[in-house]
Amino acid sequence: MASNLWTLCLSFLLLASGAMSATPRKAIDVPFGRNYIPTWALDHIKYFNGGSEIQLSLDKFTGTGFQSKGSYLFGHFSMQIKMVPGDSAGTVTAFYLSSQNSEHDEMDFEFLGNRTRQPYILQTNVFSGGKGNREQRIYLWFDPTKAYHTYSVLWNLYQIVFFVDDVPIRVFKNNKDLGVRFPFNQPMKIYSSLWNADDWATRGGLEKTDWSKAPFVASYKSFHIDACEVSVNARFCQTQGKRWWDQKEFQDLDAFQYRRLSWVRHRYTIYNYCTDRVRFPSLPPECKRDRDV
Ligand SMILES: *[C@@H]1O[C@H](CO)[C@@H](O)[C@H](O)[C@H]1NC(C)=O
């Protein structure tokens, strides 16, 4: 009985904390084929459990990749990924949203592989109107090759948030008032790929891909998209302002999320363009607010 009561209390606490913290909903097991199609090197993608799980493989000849069927303006996009295990030096596994036009908008997760037991780096970037150069790099607080973890992007008119599991690791606010273009009118597709980038990825290109270890394999599942689907040419979303991600609790991080973001900042950051005074002698405008975190 006592344990029942305890379970009840615990579930209440969990529910309450879930309600207080505006974390986007958990992805359910969405199969690959519902939202995605392979883009290139189709024979380098393998399907398991009726397509609910897939593996991308990279060898000396080619990497591979896939993309969303639809184009989207705002929403929540997530994927569970298990990175290339063992010696993954020189490889890059990417998950990104991009409008792929000349003045493109884009948000990137790039996972830079490493030698066996050496840490991966997660690099993120945001492009708006074709302008990027907003790299941030962190180490993860777990080994991303051991189990699946959820990587997601929340995008609304107020902010773009990068999450690792439930932890916000980066926020790009709408700083239109500071003269910074915010992605709002160019539909994006979601892309993922695994390729060789040993000219820059690992220790700045010093560590080369060891092809005797090929094929390199990354695993994926839960291909969740909850977003406003529009045509590639659409400039606005019909349901703008009405969906869950537009609501008040998703317009800014809450105190708990800011604490977690600041924990990532202080414990795991390797590089932040906002503090790179050599590259940017005058601070990029959006970084003025970035400092407050
Ligand atoms: C790889 O490991 C080295 C040595 O621990 C580390 O300096 C580097 O940041 C790691 N990650 C990448 C992607 O280079």
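Numbers run from 1 along the shown chain.
Each residue, glycine too, has its Cβ placed from N, Cα and C.
The structure displayed is predicted, hence computed values, not measured ones.
Features of the protein shown, as given by TrEMBL:
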- Glu106: active site, nucleophile (ACT_SITE)
- Glu110: active site, proton donor (ACT_SITE)
- 23-220: domain 'GH16' (DOMAIN)
- Asn114: N-linked glycosylation site (CARBOHYD)
- 1-21: signal peptide (SIGNAL)
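Under 8 Å, Cβ to Cβ, and six or more positions away along its own chain, Glu106 (active site, nucleophile) finds Tyr96, Leu97, Ser98, Ser99, Asn125, Val126, Phe127, Gly132, Met188. Proximity of the recorded positions (Glu106, Glu110, Asn114) to ligand 1: a Cβ under 6 Å from the molecule is found for Asn114. By the criterion of other Cβ atoms within 10 Å of the residue's own Cβ, the least surrounded of the recorded positions Glu110, Asn114 is Glu110. Across the domain 'GH16' (23-220), the model assigns an average pLDDT of 96. Mapped onto three states, the DSSP output places Glu110 (active site, proton donor) in strand.
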